[in-house]
Amino acid sequence: MEQVHLTVLYERLDDLRAEAARHLATAQPAERAYWAGETARLDSVADGLCFGRVDLDDGSRLYIGRAGLFDGDEPLLIDWRAPAARPFYTATAAAPEGVRLRRRITTRGRTVVDVNDELLTAEAAGEHDLAGDAALLAAVSAGRTEHMADIVTTLQAEQDRIIRDPYAGVLVVQGGPGTGKTAVALHRVAHLLYARPHLRTRGVLVIGPSTLFLDYIGQVLPGLGENSVVTATIADLRPGTPVSRTASDEEARRKGSAQAAGELASAVRDSVHVPAEPVEVVFEQEALSLSPADCRRAVRRAKHAGLPHNQARLVFHREVVTALADSLAARLEAVTLTDTGEAIDGGDPDGRLSAADLRALEAAGVIVDWTDSAPRRLLDDTDVARLRDALLADARVQDALDGIWPPLAVAELVPGPWSPVDIPLLDEAAALIDGGDGTTYGHIVVDEAQELSEMAWRMLMRRCPSRSMTVVGDLAQTSDPAGATTWPDMLRPHVADRWELAELTVNYRTPAEIMAVANEVLADQPGFRPSTSVRSTGVPPLEVTGSLDLLGDLVARMPGRVAVITPQRHLAPVAHQFPEVVSLTPGQAKGLEFDSVVVVDPDAIAASGPRGRNDLYVAMTRATRSLAVLRTRQ
Ligand SMILES: Nc1ncnc2c1ncn2[C@@H]1O[C@H](COP(=O)(O)OP(=O)(O)OP(=O)(O)O)[C@@H](O)[C@H]1O
């Protein structure tokens, strides 16, 4: 019976796809992007189009899926993001929200292969802690691939709440490893794009810690029918910056601190020097003098313009040149002409003819009726404007002005060779100097947000004028020396109290046996809250002590997709020896997951720096099934 409805749904989808393809073929250029997007969306929702059904107390029945489909006004399929779909995720036997029956529908291609019913009646109350236990356990126990899958069929109530949270400021989602922070953030993006369509034009950006991570999560949003979201690392936001070294912890801390922004701002400010003495500016054989007072006034006006340095410099030029042109015009006017156009000498010490001179000249018949024409203006406004342009274009004038307000380049303020911690400084310098590239987004998601330095936050805030963000992270996993220790410290400078905290508490990735060992690593850390695993496997992690030679045997015993996580110094030899498995440092493993993980030399990882134990915790929480720990003998 579900097969009949599924067939109807796919027929409707096929009709819509055919229609979109027709439009795409004939669309005017302005509409082509829309139809291309629509075609991609309809293609991407086809897999697993319908996955659920709710039967309501009033006798109505709703099918839930990846897109909304209608037959005229009649809904055939409700988009999972629609308010009407919500009870599918949140209804429980204790609080059924008008739902009598929840059905999970498993399909392969266009065929229904399984249905699973839950009756939400009073008698069933108390039987289920987590919605759809069986479906959830099947999903979290499934083998992993190199790409994260969406969780739209098994979203849990605490996750659903965050996904649909209408809060428009900065929503921080804090939660232990494997609690679904990344998954929730991505589903929240899909929901935001559905609930606030204007975000499609303003753009959504997802920031992740590495290209590897972005690649891992890259299929989730397209699978939810959303193809327009930009994903990037912090470094990707300044493309074309060559990064050729790594920074020491001390350098990372220093350059990550917001103080670095103050230092850059001072450097830009201090590059402007108002001279104590008049500056001589030679223009077409005229020696003009720019007084410190004129200069100071021009600097002040340029600064008041509130523009980036290099643009404010043009205001300064205009102001100075106006003063220079006026004094040049005054000097030219001071040269009085005979009626045949020849200059005559004379005048008082400031270069102008005095009233007495003019009277004398009139008496001598050189000029007529001086009182009518005095003070004579030989140059009109257009002439003076031309003078200003000529002054502005003059190389010597420019040299003189550059001595006062020099043009700046980003690389002068933040000299290379650069490491990743220089990227936010280069961006800050660009903002101060020329305003940066001006790209902004309507919403930004920051994943592994605990790793961002104060300077990196500044960089993101510049790109999000609306301060609408979803920030997900776990302070217990911070490894960056300049990363967060508290959320208020990181966010308050930018949003004051316009942020909210939501928490996720259930670990869907890591079995209880692995978490028990991982939690020990941070047990004595103040404020550390161990998360609860949704399942156990009955298999404790394997602990082996010996040489690296044992690694081959360990790797061979691990089921599924295997990663070896090792301190940097073993990385190259391990990668060389085991090309068939993924070899990573703890930093590279951030946000990723595998069926099995072998952690090499845990003591060295823990001792690798002030946040080494956080790194070890990250490494030990990447496995969905099996963990082995190889301690090497010193
Ligand atoms: N409701 C759910 N149904 C099925 N799988 C889920 C659910 N919630 C989370 N998962 C799975 O749990 C795993 C961990 O999720 P995710 O990577 O989003 O966690 P995280 O909190 O970001 O972890 P970390 O902080 O360690 O990076 C993923 O494989 C995800 O698909």
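Placed from the backbone N, Cα and C atoms, the Cβ positions cover glycine too.
These come from TrEMBL:
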- 154-511: domain 'UvrD-like helicase ATP-binding' (DOMAIN)
- G175, G176, P177, G178, T179, G180, K181, T182: ATP binding site (BINDING)
- 240-259: region 'Disordered' (REGION)
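Annotated features, which come from TrEMBL, shown on the structure.
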residue : record           : Cβ contacts under 8 Å, 6 or more apart
G175    : ATP binding site : K181, V472, D474, E503, L504, T505, S531
G176    : ATP binding site : D474, A476, L504, T505, N507, R529, P530, S531, T621
P177    : ATP binding site : D474, Q477, N507, R509, T510, A518, S531, Y617, V618, T621, R622
G178    : ATP binding site : N507, Y508, R509, T510, S531, S533, E593, T621
T179    : ATP binding site : L504, T505, V506, N507, Y508, S531
G180    : ATP binding site : I151, Q156, Q159, L504, Y508
T182    : ATP binding site : M148, I217, D447, V472, G591
Beyond the site residues G175, G176, P177, G178, T179, G180, K181, T182: chain residues whose C-beta lies within 8 Å of the centroid, for ATP: D474, L504, N507, Y508, R509, S531
For the region 'Disordered' (240-259), residues assigned helix / strand / coil by DSSP: 9 helix, 1 strand, 10 coil
Whole-number mean of pLDDT values that fall within the domain 'UvrD-like helicase ATP-binding' (154-511): 87
Coarse DSSP state, helix versus strand versus coil, of T182 (ATP binding site): helix
